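The domain 'tr-type G' feature in Swiss-Prot is assigned to 6-280. Annotation source Swiss-Prot lists GTP binding site at 15-22, 79-83, 133-136.
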Amino acid sequence: MSKELKLFRNFGIMAHIDAGKTTTSERILYHTGKNHKIGETHDGAATMDWMAQEKERGITITSAATYAKWKGHSLNLIDTPGHVDFTVEVERSLRVLDGAVAVLDGQNGVEPQTETVWRQATKYNVPRIVFVNKMDKTGADFYYSIETMKNRLGVKATAIQIPIGAEADFVGSIDLIEMKAYIYDGQADEEYKIEDIPADYVTKAQVMRSQMIDDVAIFDDEVMEKYLSGEELSHEDIKKCIRKGVISTELYPVLCGTAFKNKGVKKLLDAVVDFLPSPIDVPPIKGVDDHGNPIEYHNDPSEPFAALAFKVATDPFVGRLTYIRVYSGKLDKGTYVYNATKDKKERISRLVKMHSNNRDEIDSISAGDICAVIGLKDTTTGDTICDEKKPVILEQMVFAEPVISLSVEPKTKADQEKMSLALSKLAEEDPTFRTYTNEETGQTIIAGMGELHLDVLVDRMRREFNVQVNVGAPQVSYRETFTEIADAEGKYIKQSGGRGQYGHVWIKFEPNHDKGFEFVDNIVGGKVPKEYIKEVENGLIEALTSGPIAGYQTIDVKATIFDGSYHDVDSSGMAYKIAASLAFKEAAKVCKPVLLEPIMSVDVTTPDDYFGTVMGDISKRRGVIEGQEQRGNAQAIKAKVPLSEMFGYATDLRSNTQGRGQYIMQFSHYAQAPKSVTEEVMAARAKK
């Protein structure tokens, strides 16, 4: 079986928006025989972009999974979004992939969102190869793209191909391993002629090959010895070194082409097979057993079954689809599995291999593979399903908290019930989407990662669930925290004949910067019985959801229970829960609470002519400029700006730059809001 696993490649395609990821994926599907005709994103016909909104907007929102074959290898390919509002899709894909292809725009090289997805891939130790796309575009520069990798990503980027021609004259590439020229006919089947290197490229190719060998030989001792003794390295020697370097995540080979013009994708597929790891080349996945002991799984089909659910989607024909990556053992359809995260037993009705949103039924799946499961009702993103006799919880995924919210109201009574169902289904699919009811106003609030994120979700409610809603203006999700240390008492006593209520606690509250809520039990001598400690913690967690300044969630607080008392008859869990919330209210009077506002990382690209105007506008929005650099004939500005100042920025940037400026924005951190903002928020709160 390990022989078979050696032939698997689980890889994703990642990039900045508009670098050509989906077009590259479409060409891969065409060349591997999965598609008989090529879909283009600008026509709204791309196979991988199957949601209605994706076809309209020409961007990828969800990570579509598909499988294909290439030169005897089985490929599981995941196309991920490049838009920053949908990074959860990138995050959960990278968690289960063994390798990735980073697609760069040949003119722009590394762009802001490239840096974001690159960081995410580094976090999960995902080996990568790089495809410099759009080499036919005006201003395309392969060598500049490599420089941006070195300067902006700080990595060892090594060309294993170089382009022949550029812009409209781009005709093919020189393979530096074989030292041959590949000249493409530009037709859909990507036929090419292998020729000798053109005379005017020989010197450049020799220099670049020598550089490549210098970079890669260090990854294999035998090859290094050969190289140092002046022996000629074979193609296999070089490939072996590149593969080792890629798998170690210390080397990033760079290829070039233009997917849209059918040049270079077949060679990219060869590189996927040659250099990206198989499931047995990657480190084992870690987890904990039911006793909390660490455990490892080695992608071995003979070990007990364990898999990670990395995505939930609703299919109009079969209902709930759960995408899983199998790390150990084998799974057959019609069998039962144990969800160790939720402590529930579930039945696998059917197993399907997904080709975008089409389904091919399979009977079983083994370690190293990816598929979708029909029949799991309680399993959500990040859950581990496994063999009941050998429970395990695999490393879980941590997702960012939503930073923007808005209210939604059903237009009619009939829409009310449908809306609740739609929201619960959408929340199941997307861990960065939250929905709750505002206790004071009774409004239904939805929260997410950005305006586009919420816009798409509201659109899906209308289309997929036929729910008509009125949408409120976007609101910032502020937070609150304490800045001083204080001891606070919470006492809840109710005694009026019959059994009463008695709960009494002393809790120390202190700031816990960037560490979230932390609860510590320092009770000695049973002053508060053990069985009530959990209720004290629950009472605090509940109290934290509504802060003292403006009712926003209180974060980054450490609470230590150190004293209290109890009553033999009247004490109860509920009484201690209430006592804890009273202690929180007391602490809020003396711990000097402050309002925190979300600060966003903003990357703006503007033509030189509008640079001053754009900089002035950022400063006006309380932005702090962190850096700027020249990119071609444009300026790239990095800044930190409060989210509350960024509403309507897209429109202003368009008018300030005659429609030529671009920006991306993502959450960075929470920071204390100025007094004027706090007063404004409190005043708005008082009006409600």
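Using N, Cα and C of the backbone, Cβ positions are placed for all residues, glycine too.
All protein chains considered, the CB of Ala15 (GTP binding site) has 31 other CB atoms within 10 Å.
Cβ neighbours within 10 Å of Asp18 (GTP binding site), excluding its own Cβ and spanning all shown chains: 19.
DSSP assigns Ala15 (GTP binding site) to a strand segment in the three-state reduction.
Neighbour density for Thr80 (GTP binding site): within 10 A of its CB lie 28 other CB atoms from the protein chains shown. If you average pLDDT over the domain 'tr-type G' (6-280) in this model, you get 84. Around Met135 (GTP binding site), taking its Cβ as the centre, 29 other Cβ atoms fall within 10 Å, counting all chains.
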